[in-house]
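Taken from Swiss-Prot as is:
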type	residues	note
COMPBIAS	181-192	compositional bias 'Basic and acidic residues'
COMPBIAS	199-210	compositional bias 'Polar residues'
COMPBIAS	801-817	compositional bias 'Basic and acidic residues'
MOD_RES	Ser193	phosphoserine
MOD_RES	Ser197	phosphoserine
MOD_RES	Ser202	phosphoserine
MOD_RES	Ser207	phosphoserine
MOD_RES	Ser617	phosphoserine
MOD_RES	Ser735	phosphoserine
MOD_RES	Thr795	phosphothreonine
MOD_RES	Ser800	phosphoserine
MOD_RES	Ser818	phosphoserine
REGION	15-46	region 'Disordered'
REGION	181-220	region 'Disordered'
REGION	794-827	region 'Disordered'
TRANSIT	1-16	transit peptide
Amino acid sequence: MWALRSLLRPLGLRTMSQGSARRPRPPKDPLRHLRTREKRGPGWGPGGPNTVYLQVVAAGGRDAAAALYVFSEYNRYLFNCGEGVQRLMQEHKLKVARLDNIFLTRMHWSNVGGLCGMILTLKETGLPKCVLSGPPQLEKYLEAIKIFSGPLKGIDLAVRPHSAPEYKDETMTVYQVPIHSERRCGEQEPSRSPKRSPNRLSPKQSSSDPGSAENGQCLPEGSSAGVNGKAWGRDPSLVVAFVCKLHLRKGNFLVLKAKELGLPVGTAAIAPIIAAVKDGKSITYEGREIAAEELCTPPDPGLVFIVVECPDEGFIQPICENDTFQRYQGEADAPVAVVVHIAPESVLIDSRYQQWMERFGPDTQHLILNENCPSVHNLRSHKIQTQLSLIHPDIFPQLTSFHSKEEGSTFSLPTVRGECLLKYHVRPKREWQRDTTLDCNTDEFIAEALELPNFQESVEEYRKNMQASPAPAEKRSQYPEIVFLGTGSAIPMKIRNVSSTLVNLSPDKSVLLDCGEGTFGQLCRHYGQQIDRVLCNLTAVFVSHLHADHHTGLLNILLQREHALASLGKPFQPLLVVAPTQLRAWLQQYHNQCQEILHHISMIPAKCLQKGAEVPSPPVERLISLLLETCDLQEFQTCLVRHCKHAFGCALVHSSGWKVVYSGDTMPCEALVQMGKDATLLIHEATLEDGLEEEAVEKTHSTTSQAIGVGMRMNAEFIMLNHFSQRYAKIPLFSPDFNEKVGIAFDHMKVCFGDFPTVPKLIPPLKALFADDIEEMVERREKRELRLVRAALLTQQADSSEDREPHQKRAHSEEPHSPQSKKVRAQ
């Protein structure tokens with residue numbers, strides 16, 4: 001393997017670019033389902049789908065806000081897109097590339113938190129257009145995400161406002177039903193509108209904060225986007241329900257019956273007969289009148305399903321009195337097959353809501369999605385963690401989950417609580433299907449690992465080595481404790497979530513280093529019922545840069561932290577956020593148009609913590625002092641790193657003397673080396689394997705050996721590698737530079753300084769656990785390097801032939817022409 005790479009150098013093929021520009025990607029071929037649709041043409045009428053089912057993507061638990069996937073052979077739809085939905089769809093093979101319609105029931109982070117990542121993924125798949133339906137703020141939300149995503153070229157994002165007429169496609173007609181709460185803007189629950197701290201980042205104060213004026217994102221003096229949020233487009237009093245009516249499915253033509261009656265089956269004359277009877281018309285054949293019922297099965301009626309969200313009691317009466325819903329209750333023309341209720345238990349136990357549910361009749365099914373739906377969602381993550389815990393149960397603790405303590409409501413109706421992947425078939429037969437739901441069987445996971453060749457032996461060998469190792473001269477403190485929540489890059493995947501690392505400074509103080517989408521869900525699965533305590537302990541968040549995989553989990557952390565403080569009876573204080581000033585523009589836009597969040601944050605511009613930087617104002621100086629005091633730090637330093645514009649790394653120096661350095665995303669960076677000199681721990685990105693140095697430069701990331709090299713130059717006591725490309729889903733490839741000072745991070749891995757001698761010794765059992773994956777990656781690398789060798793040889797041959805050709809021409813022209821050569825030329 002390493003010999004192959006050595007062949008490349010004498011052949012003159014670069015293994016490392018000196019700074020080449022990123023190569024443009026070739027245009028993608030149209031997706032298959034779009035090519036099929038284009039062939040059918042605009043006039044094609046399918047007559048309604050044969051198969052339609054609703055499937056729960058996320059059951060509405062605290063770690064997985066409610067999301068519903070609807071399938072037909074013609075279309076795919078998604079209702080709501082909270083954080084983690086993209087990851088779940090990828091894990092459970094629900095095709096994202098087929099989604100051309102996303103319906104959103106309200107403008108709240110639990111409904112739209114995963115939308116940014118989903119849009120970026122849809123763009124990458126080559127989907128040309130996606131239509132978003134729901135609240136009017138959707139258009140402003142899309143404008144807001146462009147602050148950090150860029151212009152989103154290549155995908156047409158259309159917004160269908162809730163006031164638009166019905167939408168119709170090959171599968172169904174969708175009617176949007178706007179519902180306004182009795183509680184207007186500003187009439188929130190006391191726990192959801194805490195008293196504001198003087199240190200918060202408010203709309204008015206933002207004009208005096210550094211960076212806000214230069215970004216042009218502060219609100220005008222004297223304006224208010226708090227109580228009167230509607231003035232700026234924010235409207236929490238609006239939800240949008242969706243009534244979806246399937247197209248009538250024509251009956252099936254009975255071929256055998258037609259033959260019995262002597263009809264011309266198998267000839268061109270049968271086509272108009274089939275068309276007529278499918279339309280319910282009688283036909284006359286050879287003087288006989290034949291009723292449509294004799295030749296065709298009954299048509300499948302245009303059943304209806306309804307998706308409705310009722311966030312609190314203020315929406316109950318408007319829902320009960322809504323005219324559109326009343327048309328589908330009692331003796332309705334179109335029977336309602338199922339109603340999906342996204343509602344908390346406080347709504348479901350209300351007698352008014354239960355009576356409204358009963359009015360749909362006994363044949364209508366009801367699906368509940370809320371926090372009382374305990375369901376495992378990320379099965380692969382549970383499986384991997386269970387198997388890793390066999391190696392070291394403290395470093396790889398088993399996952400848990402958060403369960404609501406509220407008692408579930410009881411119903412006299414046919415009611416089902418959601419589970420991940422639960423299906424309800426509307427067509428061809430109305431029925432629940434549970435064979436796809438998840439079973440988190442830890443015994444099965446353990447048995448599977450124990451059957452792997454050499455795994456048990458390598459674990460036993462590791463334990464013997466640890467017992468034989470000399471005891472450390474001094475026992476190191478449990479703190480700081482590093483919990484890796486997301487160790488993958490770019491997009492959330494089934495094994496590795498995107499960037500986030502929790503540093504527990506003490507039993508009651510912690511800092512979050514980056515906060516990618518799904519960070520709160522990872523915390524829930526790691527800490528379970530202790531999640532509120534963990535959120536209350538969170539004192540600061542560092543956001544390294546504005547790529548979506550590093551900060552789109554922040555808003556959920558802010559909202560859930562507010563909930564945690566209220567539930568534990570603790571006073572509200574804004575969270576200290578160290579970030580590039582450009583983050584403020586996104587927060588301001590979301591606050592103005594979607595949901596009030598600025599009171600959650602006291603922001604410190606990352607540039608103000610660079611060595612030698614001038615602190616621009618007394619308020620920021622006070623916040624920096626508060627950060628150091630609260631976290632018991634001597635220093636919180638940042639430096640610019642080599643990634644995108646305004647990308648930072650950071651170093652935390654504790655009063656007890658230890659130093660933790662975090663690289664964020666970067667190529668090897670001298671400024672980081674200098675800032676991190678003599679670090680106790682360096683957490684450095686290692687996105688790509690060795691041999692992909694040129695790609696690393698194009699993408700402004702580091703390879704494994706480059707990251708280790710930075711740590712060695714820094715004289716770091718220990719190096720933890722993370723932020724691996726998702727091509728290394730379970731484990732990265734090891735380089736020859738790995739040594740006793742290097743470890744690799746996994747999601748939910750927990751280490752403290754006392755674990756430094758242990759972590760490198762985990763590599764042999766890890767290699768045994770993931771032997772098949774490593775073998776596959778090695779094969780891929782060898783094939784890639786062989787291709788490079790062949791390409792280099794061809795280039796070399798082409799160059800040498802070009803060099804020989806002019807010489808041959810000169811020699812040929814100098815020779816006298818013989819009669820034989822003339823004969824050859826003539827031939």
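Glycine is treated like the rest: Cβ placed from N, Cα and C.
Here the features listed in Swiss-Prot are painted onto the structure.
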residue	record	DSSP (3 states)
Ser617	phosphoserine	coil
Ser735	phosphoserine	coil
Thr795	phosphothreonine	helix
Ser800	phosphoserine	helix
Between Ser735 (phosphoserine) and Ser617 (phosphoserine), how many Å separate their Cα atoms?
47
Among the modified residues listed here, Ser617, Ser735, Thr795, Ser800, which has the most company in the form of other Cβ atoms within 10 Å of its Cβ?
Ser735
Rounded to an integer, what is the Cα-Cα distance in Å between Thr795 (phosphothreonine) and Ser617 (phosphoserine)?
60
Measuring Cα to Cα, tell me the gap between Ser617 (phosphoserine) and Ser800 (phosphoserine) in whole angstrom.
66
